[in-house]
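For reference, TrEMBL has these:
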type	residues	note
COILED	45-104	coiled coil
DOMAIN	42-104	domain 'Valyl-tRNA synthetase tRNA-binding arm'
Amino acid sequence: ICKLASASEVEIGESFEIEGAVTVVTTDAKIYIPMDELVDKAAETARLKKELAATEKLLAQSEGKLNNQGFISKAPEKVVETVKQQAAREREKIAQLKAALEALL
């Protein structure tokens, strides 16, 4: 089983849980996979922080446009709506990235 799963070890039991593990639920079993074996936490944290900073920068640019009355008054309505949608997507992505970072810590 270890070879098939590319796992360092496999434990089988009636009741078993690992804190901070990914849980895969099937009709016959629950499989707990420790995150430490799947992900380099330091590298993943750095990647998420970098992506978060870039997304926050994009959001600041979008909000800057939306807070600029000159942009709002001169830009076509379609462009303004596109920037609003982009800002909403960026806010959602920021929330997801923060949740992912929190889950790693």
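Just so you know, the numbers here start at 1 and follow the chain as drawn.
Including glycine, each Cβ sits where the backbone N, Cα and C put it.
Those TrEMBL annotations? Automatic predictions, nothing curated.
In this model, the coiled coil (45-104) carries an average pLDDT of 94.
Sorting the domain 'Valyl-tRNA synthetase tRNA-binding arm' (42-104) by DSSP state (H, G, I as helix; E, B as strand; all else coil) yields 59 helix, 0 strand, 4 coil.
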